[in-house]
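Novice: Taken from Swiss-Prot, the feature active site, proton donor/acceptor applies to Glu137, supported by sequence analysis. Per Swiss-Prot, dCTP binding site is recorded for Lys111, Ser112, Thr113, Tyr114, Ala115, Arg116, Thr135, Leu136, Glu137, Gln156, Tyr170, Gln180, and the stated evidence type is sequence analysis.
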Amino acid sequence: MPIKSDKWIRRMAESHQLIYPFEPKQVRETPSGKVISYGTSSYGYDVRCADEFKIFTNINASIVDPKNFDPNGFIDLKANVCIIPPNSFVLARTVEYFKIPRNILTICLGKSTYARCGIIVNVTPLEPEWEGHVTLEFSNTTNLPAKIYANEGVAQMLFLESDEVCDISYKDRGGKYQGQKGVTLPVA
């Protein structure tokens with residue numbers, strides 16, 4: 001599975017709306033100052049976190065059950081910064097909306113800027129023909145509160161091309177997260 005280059009990413013973003021909104025270059029500074037980088041890199045695309053967050057809390061004594069998820073386990077926040085409690089996690093989403101081609105599998109890796117602070121970003125692969133905003137899971141592995149920034153880079157997407165097209169894509173099998181918008185909670 002060869003990895004796709006910046007040229008391919010730009011071409012697909014422009015002709016097939018692979019990523020929207022799309023930043024064709026790497027951005028490290030905006031009019032308001034330095035930011036954690038986002039946009040196109042040599043062999044990937046650094047996504048931004050939107051300003052919508054769901055902060056995990058245990059104030060409602062919920063049990064985390066992926067087959068019967070209780071949304072009361074989260075507090076909603078709309079802000080430019082989110083503080084993750086110690087040893088806890090937050091859900092967010094990308095600014096960017098993705099449309100993955102049928103012959104592509106997309107892998108997401110966290111940025112080292114956050115990893116070096118004990119903040120881990122987890123995203124499952126974006127499967128062939130999946131589309132939507134990517135729900136981001138941020139884990140604070142430290143004993144201190146940790147900060148994440150909206151509208152700045154948080155993770156990198158790598159696009160891998162298969163040697164042949166799959167028989168059944170995510171769209172074909174009616175994947176439950178197809179077309180998701182906003183921060184999406186677990187669906188059984």
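The backbone N, Cα and C atoms fix where each Cβ goes, glycine too.
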Novice: Pop the Cα-Cα gap between the residue listed as 'active site, proton donor/acceptor' and Lys111 (dCTP binding site) into the table, whole Å please.
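Specialist: With the alpha carbons as reference points, the distance is 13 Å.
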Novice: Which of the listed binding-site residues (Thr113, Thr135) has the least company, meaning the fewest other Cβ atoms within 10 Å of its Cβ?
Specialist: Thr113
Novice: Do you know offhand how many angstrom separate Ala115 (dCTP binding site) and Glu137 (active site, proton donor/acceptor) by C-alpha?
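Specialist: It is 13 Å, counting Cα to Cα.
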Novice: Quick one: Cα separation, Glu137 (active site, proton donor/acceptor) versus Thr113 (dCTP binding site), in Å?
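Specialist: Cα to Cα, Glu137 (active site, proton donor/acceptor) and Thr113 (dCTP binding site) are separated by 16 Å.
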Novice: Here the recorded positions are Lys111, Glu137, Tyr170; which one has the lowest number of other Cβ atoms no more than 10 Å from its Cβ?
Specialist: Glu137
